[in-house]
Amino acid sequence: MSSQAVFVLFNGMAQGMAFFLVAAGLTWVFGILKILNLAHGAFFMLGAYIAYSVGGAWPASIWTFLAVALVAAAAVGVLGYLTDVLVLRRLRNVDYHYALIATFGLMLFCEGVAKAIWGTDYFAVMPPPEVDRAIVVGGSYISVYTLFVIGTGLVLYAALEIVMHRTWAGKIMRAVSNDPWMAGTVGINVPLVLMLSVVASFVLAGFAGGVLVPNQALSPHVGASFVLYAFMAVVIGGLGSIRGTFLACILLGIVESANATFMAQYGGIAIYILLAVALVWKPNGLFPAQGTT
């Protein structure tokens, strides 16, 4: 394998896992609540800002960096609880258009809050010293932080698969997703499950912000590009399908990396061709789901 192919593969996997870190919470909340949260990218952005405020621009170590990411996840999870109580809970029994309008307004509100607190200047955060270097793989220089992002995405996917398919909590969430009324008749506390699902999706958004903040131009609009690819992955993979979203993220990442390497003059056209082909070939997604799978 040529060094260029190695670079495209690793860079594509890293981009794909970055997309998945953002898309995981998005597909999670849709799979259970059937709500497409347009504000997801804004809460990813808030997680990144919180990580920057807590950990600073120069993380002392990888463990400090991960601890800060968990703090960001917890903080955004609290915001998720407030969002559920004040906004999303009121939209569960109404037409989905209202949820789209409400979450779009919430996105604008979060961006305004970020501008008021942190301003509009760009900030930068360096990777932890343990991963702020490059190694040679197949004749190509690969950033260790790239490998860290790949590993984090794989671990997150494995954790979500285990939770959803190997635990009682996952079975309860899938039952609520498939038939909330029937789940309630067998004693499941449906409102609690829905609330915890919302909080979990926000926790995932905050964690993604904390992990992906290095090497980004941190601004109130930092979540826009990530969430665009996340939406594409959710649509290509299948709304509510964790497995489908994961595979779609890898596909998007590799196609984007190959496009940037071999067809840079055409911009990101390959991604949109892929999206169009996927929608024509599999309009319900590669792995359409009845609930979160």
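Each Cβ is built from the backbone N, Cα and C atoms, and glycine gets one as well.
Because TrEMBL annotations are produced automatically, they should be read as predictions rather than curated entries.
What TrEMBL lists as transmembrane segment is 6-28, 35-54, 60-82, 94-114, 134-160, 181-208, 228-255, 262-281.
Here the transmembrane segment (228-255) does not touch the transmembrane segment (181-208). Their Cβ atoms form fewer than 3 pairs under 8 Å, with each pair 6 or more residues apart. Between the transmembrane segment (134-160) and the transmembrane segment (6-28) there are 3 or more Cβ pairs closer than 8 Å, counting only residues 6 or more apart in sequence, so the two stretches are in contact. Residues of the same chain lying 6 or more positions beyond the ends of the transmembrane segment (262-281) and with a Cβ under 8 Å from any Cβ of it are 8, 229, 232, 235-236, 248, 251-252, 255-256.
Sequence-distant contacts of the transmembrane segment (6-28) (same chain, at least 6 residues past either end, Cβ-Cβ under 8 Å): 36-37, 40-41, 44, 137-142, 146-147, 149-150, 152-154, 156-157, 160, 197, 200-205, 207-208, 211-212, 223, 226-227, 229-231, 233-234, 237, 239-242, 245-246, 249-258, 261-262, 292.
Sequence-distant contacts of the transmembrane segment (181-208) (same chain, at least 6 residues past either end, Cβ-Cβ under 8 Å): 21-22, 24-26, 28-29, 32-33, 37, 40, 43-44, 46-47, 50, 69-70, 72-77, 79-81, 83-85, 88-89, 92, 156, 172-173, 175, 226.
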